[in-house]
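Pulled from Swiss-Prot, these are the features on record:
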| type | residues | note |
| --- | --- | --- |
| ACT_SITE | SER96 | active site, phosphoserine intermediate |
| BINDING | SER96, ASP233, ASP235, ASP237 | Mg(2+) binding site |
| MOD_RES | SER96 | phosphoserine |
Amino acid sequence: MGKYFGTSGIREVVNEKLTPELALKVGLALGTYLGEGRVVVGIDTRTSSEMIKHALVSGLLATGIEVVDIGLAPTPLTGFAIKLYNADAGVTITASHNPPNYNGIKVWDRNGMAYTPDKESELERIIEEETFKRVSWMEIGEVIKADPKKEYIKNAVEQINLENSYTVVVDSGNGAGSIVSPYLQRELGNKVISLNSHPTGFFVRELEPNRKSLDMLSKVVREVGADVGIAHDGDADRIGVVDDQGNFVDYEVMLSLIAGYMIEKYGKGKVVTTVDAGFALDDYLKPRGGEVIRTKVGDVAVAYELSKHGGVFGGEPSGTWIIPQWNLTPDGIFAGALVVEMIDKLGPISELAKEVPRYVTLREKIPCPNELKQKVMRIIEKLALQNFEYKNLIDIDGIRIENEEWWILFRPSGTEPIMRITLEAHTKEKAEELMKKARGLVKEAIEKAKLS
């Protein structure tokens, strides 16, 4: 993790670490790195997004870059617009599922894939050295206003094949997805009921579309007898799903179902996921001809492996999915359309989910200062060896220890000052026993790091 960029671009508290001054420098650095060309810029609904956007755009213009300002736009729309307008890069001003006092800057390449750590490191070098390109008054870039929504919806509809119409409840979480996701479902011929569809930076619910935050969506799906509920985070790069019975579908289960459907739709092939994905995906895909490849957490790592191996699908157990036949940008909106297509072809999710093997997955977050994370991870590796009997240790992203019965992943967040523990076991009792032990281990490591 660099000085500014984490696992998902820059993501910090507004007017503390993420300031207009920093946004200006990022714009200058990106324009300097590109040398010339066109950059698409979109924002989410946060109160600070316009402020950050204008500062960043000023930096781009100062280097002679032409800016295509698409205004309020979910991340998937920015990724789509990069190709639509033949741009050299794109920028989304968003903090995704983080609290409203956060914002962020995420950069995309000309293929719609997030900038790799190497490219972000180059931007950081330019910022630190302040070796910014500055053009003369005659060469300053211009801003072009554009709206790619209709083209996005038109192209998405052409990719989805529905034989029937469905009742779909869409909870946009007051985020940028509210201007696209319900409209795409309607254009597909579905009856749409919208929740939290007014774009605002004062979010009604927690932005992460998980079981806890989607009580209202579950209730509405049950009350109206809907076929499915679709939910998004602030920039709609994620998807959460509620089945036809009004039950939230666990991320791991939904990941397995949609990956299996993509194999059925496009043929046998590789599925890319991250180190925090559990056993279910492997068990579900193996008899269907799917090969699972694991990589670092973050959509850029998934997208890179997809492009490298030619996979049919990539996804994280956080509801972040990449459909390479569509784009290398994580897209919760197009994912929602695919979910309905899966229902159309295979049947209700409540029935499909019964085929996915079930394990007990637990997750916890423990506060940890960013400056201590590296030291804490070194201590965790030593303590894990002393406290757990495991067969394999995987350290491509954090530390994952595992055997045939369970696995535990210790990983520092790349976007927040926390340590994450993710684990899976065959029984609830074993999972809780492992979490108690893992929690104590992380807290001990943090205390030791503070003293050393």
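Every residue, even glycine, has its Cβ placed from backbone N, Cα and C.
The distance from the Cα of ASP235 (Mg(2+) binding site) to the Cα of SER96 (active site, phosphoserine intermediate) comes to 5 Å.
Residues within less than 8 Å, Cβ to Cβ, of SER96 (active site, phosphoserine intermediate) and separated from it by at least 6 positions along the same chain comprise SER8, ARG11, THR75, GLY104, LEU207, ASP233, GLY234, ASP235, ASP237, ARG238. Using a 10 Å Cβ-Cβ cutoff, ASP237 (Mg(2+) binding site) registers 34 neighbours. Within 8 Å of the centroid of the Cβ atoms of SER96, ASP233, ASP235, ASP237, where the record puts Mg(2+), the same chain has further Cβ atoms from ASP44, PRO74, THR75, THR94, HIS97, GLY175, LEU207, HIS232, GLY234, ALA236, ARG238, PRO330, GLY332. Counting every protein chain shown, 33 other Cβ atoms lie within 10 Å of the Cβ of ASP233 (Mg(2+) binding site).
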